[in-house]
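See structure below.
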Amino acid sequence: MHVMYIAGVMSGTSLDGIDVALVRIEGSGVESKVELIHFTTVPFCNDIKSEIQQALSIENSNVQLICSLNFKLGLCFANAVKEVCKEANFSLEQLDLIGSHGQTIYHQPKQDGNRIPSTLQIGEPAVIAYETNTTVISNFRTMDMAAGGQGAPLVPYSEVILYRDPSKNRLLQNIGGISNVTVIPNQQSDQNVIAFDTGPGNMIIDEVCQRLFQLPYDQNGEIAKQGRVVNEILTYCMSHQFLKMNPPKSTGREQFGEKFVSELLKRFEKHSKENILTTVTMFTANSIVHHYKKFILPYYEIDEVILGGGGSYNSTLVEMLRNGLKDENCAIFIQEDIGYSSEAKEAIAFAILANETHHCNPSNVPSATGAKQSVVLGNITFPPV
């Protein structure tokens, strides 16, 4: 079976840095054998992070900034690929492909007036291809959207390859900046794989931490442990329109970013900062549980919930999730419990998607994104001859 060595590159909505997974993949399709060789996260320097944050702001962004940042990030992504190869003592010349998600600048999954559904990820693939002398596959979301999908979530295809079990029905819950869930029926089942965003992950928690505590995030949920849940704030959060929508659906910074947090802090400024952080942590947990109870558990018998992403390291958030699901008779694990990496999960996913595109295989899941059909994802950029 043909073997490919691929670097999956992911820069998510949390802006933690650039995640890079060096992966060995044997074959293609659902029978692929995937092995993680090495994973690293390369932090953004403060200047780049500041420019990304400015580019994400409708009020402060401009086309000149986005144009320049597109090339700067391409260089950052190329350097991150070189770094993962260096750490793994792996020759860059051996690398067959790079799958680059890019940095999402704006994602509009549904029509809004005269604005049609669209998405924009930057991090120029030509720069990556030139700097690494390696073929790059990028812009994975656009073809799904061209086919009528929301362009998200895209990880379900990789999750079926990695996590489908002969007898257990599993929920894969990713808690990154945004939270998304994939329902993976067992190998004997004729039920569909479904997936959708459940709302905020770390996004609101991190933004509140930065504004109220001058910290990038709540490490291990230690601050949230000290406060109490304020029902008035929780009710306000849980009334968000996104929670009332039916899947397939996706969301992002546009709904749960700076604007949401500014309004929340203005409205509830009389409450202690610890209580506010505890409550928005509970909001993330409750929004996940809400979607399970409304859209999944009435239709699927779930044996295991497997948590991944940076939020799985927040023990307060995980405990809130356990309490919310204590009556549902399903075991809850984090990725590390079953031999995988919570941090590397999405970067591995884009290595797998790059492999599928290389083999001309469709790799969106229409039941997850709402696309009219399965499509081959991504644009291919070749290195200089």
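We number each residue from 1, going along the chain as drawn.
Note: Cβ is positioned from N, Cα and C throughout, glycine not excepted.
As annotated by Swiss-Prot, ATP binding site applies to GLY12, THR13, SER14, LEU15, ASP16, GLY17, ILE18, ASP19, with the evidence given as sequence analysis.
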Distant-in-sequence Cβ neighbours of GLY12 (ATP binding site), under 8 Å, six or more positions away: ASP19, GLY176, GLY177, GLU346
Listed in sequence order, residues with CB under 8 A of GLY17 (ATP binding site) and six or more positions away: SER11, THR41, VAL42, PRO43, PHE44
Residue among binding-site residues LEU15, ILE18 with least C-beta crowding, 10 angstrom cut-off: LEU15
For SER14 (ATP binding site), nearby residues of its own chain (Cβ under 8 Å, 6 or more apart in sequence): GLY176, GLY177, GLY201, ASN202, MET203, ASP206, GLY310
Among THR13, ASP16, ASP19, the most crowded of the binding-site residues [Cβ within 10 Å]: ASP19
ATP site, defined by GLY12, THR13, SER14, LEU15, ASP16, GLY17, ILE18, ASP19: further same-chain residues with Cβ within 8 Å of the Cβ centre: MET10, SER11, THR41, PHE44, GLY176, GLY177
